[in-house]
Amino acid sequence: MRSTLITDIAELTTVDPEGRVLTDAAVVVEDERIAWIGPAADAPDADDRVSVEGRAVLPGWVDSHTHLVFDGDRSAEFEARMAGESYAAGGIGVTTSATRAASDDRLAELVRGRVADAVAGGTTYLETKTGYGLTVEEEARHARLLAGLREEGLVDEVTFLGAHLVPPGRDAEDYLDDVVGPMLEAVREHAGWVDVFCDTGAFDAEQTRRVLAAGVAAGLGVRLHGNQIEQGPGVGVAVEFGAASVDHVNHLSDADVEALAGTWTGWDRASATGTPGTVAGCLPACDLSTRAPLAPARRLLDAGIEVSLASNCNPGTSYTTSMNFNVGTAVLQMHLTLAEAVRAATLGGALGLRAQDRVGSLEVGKRADLHVLDAPAAIHLAYRPGMPLTHAVWRAGRRAV
């Protein structure tokens with residue numbers, strides 16, 4: 001067991017239950033775990049010593065919502081959207097066609113590159129989804145690929161999103177027969193979660209229930225895309241199924257907020273203990289890219305609901321892995337404090353993946369996921385938006401950047 005002392009930390013944001021922010025601090029890492037946290041002057045000896053020279057350190061980002069398995073380019077579609085023009089050649093179908101045509105090696109190379117970009121920006125725990133295959137064979141291929149990358153430690157959580165969209169030329173109910181039958185059977189050993197896009201133009205409440213029920217029966221956890229396009233049944237279905245998270249949440253009724261808040265009655269936010277409810281996943285980069293209303297993170301937090309921030313990296317509506325950007329946006333545009341935004345991008349994401357006992361905060365015994373900023377304090381994430389502030393990253397105890 002080899003130990004490393006990371007010291008000379010100007011500001012250490014722990015996101016622990018006390019919300020401690022330490023100054024002149026140090027962390028000791030043993031193998032892949034945190035072994036000690038405290039004042040630098042009291043730090044124990046270690047095999048190796050790394051000085052961060054007066055920089056700030058916080059937990060690595062937990063990106064709880066991404067779509068990394070894709071090929072193709074949709075920049076013309078984005079340009080048209082920014083100009084307020086229609087673009088008939090766009091949409092998920094474009095990505096599906098390009099992704100189906102790509103070889104396994106090509107897709108693996110693309111995913112590796114996107115993960116590398118994410119880690120270079122401070123992300124240390126990643127969820128990603130299938131959903132650009134939309135046939136039994138392709139969804140199974142993408143799930144196998146992601147499971148292999150998970151074994152390598154490149155991604156951490158794999159989600160089955162066969163119910164992303166009804167493919168062109170398919171009847172919705174006929175397609176769902178595939179999703180809950182042979183498609184689910186082919187991916188269940190590779191995925192930990194089932195997801196559905198429950199919204200206008202995708203799947204309605206009953207269709208969503210059908211997929212989620214099948215996923216639960218197959219042993220998968222539940223997450224959901226909901227209430228992105230308009231206020232609808234997504235949040236209600238997520239609560240009904242005890243989903244770990246419902247993501248997008250741009251359009252919420254008072255009843256939606258009340259329902260989400262009701263799932264958190266067994267959770268004590270101050271001590272970060274108890275039974276977590278359904279996390280409200282906010283995706284600000286996507287909201288900006290689609291010129292949608294920003295998700296009401298302030299309203300959700302004030303109602304007692306845990307919120308996550310995630311990149312939603314995908315080729316159509318949020319082609320970025322930058323969690324720094326999302327955190328800065330949450331402070332500048334969504335009325336979160338820095339502490340709230342950092343918590344949402346770390347512990348909030350971990351709660352939405354039910355991984356809060358392993359990651360999401362800097363505490364003894366947790367995975368050593370550290371993000372060192374090229375700045376003396378974490379507020380620089382919002383104070384200096386768009387700047388390349390990631391200086392170093394430890395992921396599971398190993399220096400990754």
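The backbone N, Cα and C atoms fix where each Cβ goes, and this holds for glycine too.
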Candidate sharing the Fe(3+) site with H65, H67 (per Swiss-Prot), from H225, H251: H225
Swiss-Prot annotation, N-formimidoyl-L-glutamate site containing N314, G316 - matching residue among Y132, Y175: Y132
4-imidazolone-5-propanoate binding, same site as R74, Y132, H164, Q228 - Swiss-Prot member from T4, T317, T320: T317
For G316 (N-formimidoyl-L-glutamate binding site): intrachain residues, at least 6 apart, with Cβ closer than 8 Å: R74, E77, F78, G90, G91, I92, T95
N-formimidoyl-L-glutamate site shell beyond Y132, N314, G316, criterion: Cβ within 8 Å of Cβ centroid: H67, F70, R74, I92, T95, G131, P315, T317
Those binding-site residues, out of Y132, H164, N314, T317, that come within 10 angstroms of H225 (Zn(2+) binding site) at the Cα: H164
Assigned conformation of H65 (Zn(2+) binding site) - DSSP reduced to three states: coil
Spatial neighbour of H67 (Zn(2+) binding site) that is closest, considering only the binding-site residues H164, Q228, N314 and their CA atoms: N314
Cβ contacts of H65 (Zn(2+) binding site) (under 8 Å, same chain, 6 or more positions away): E127, S245, D247, G281, L283, S308, A310, S311, N312, G352
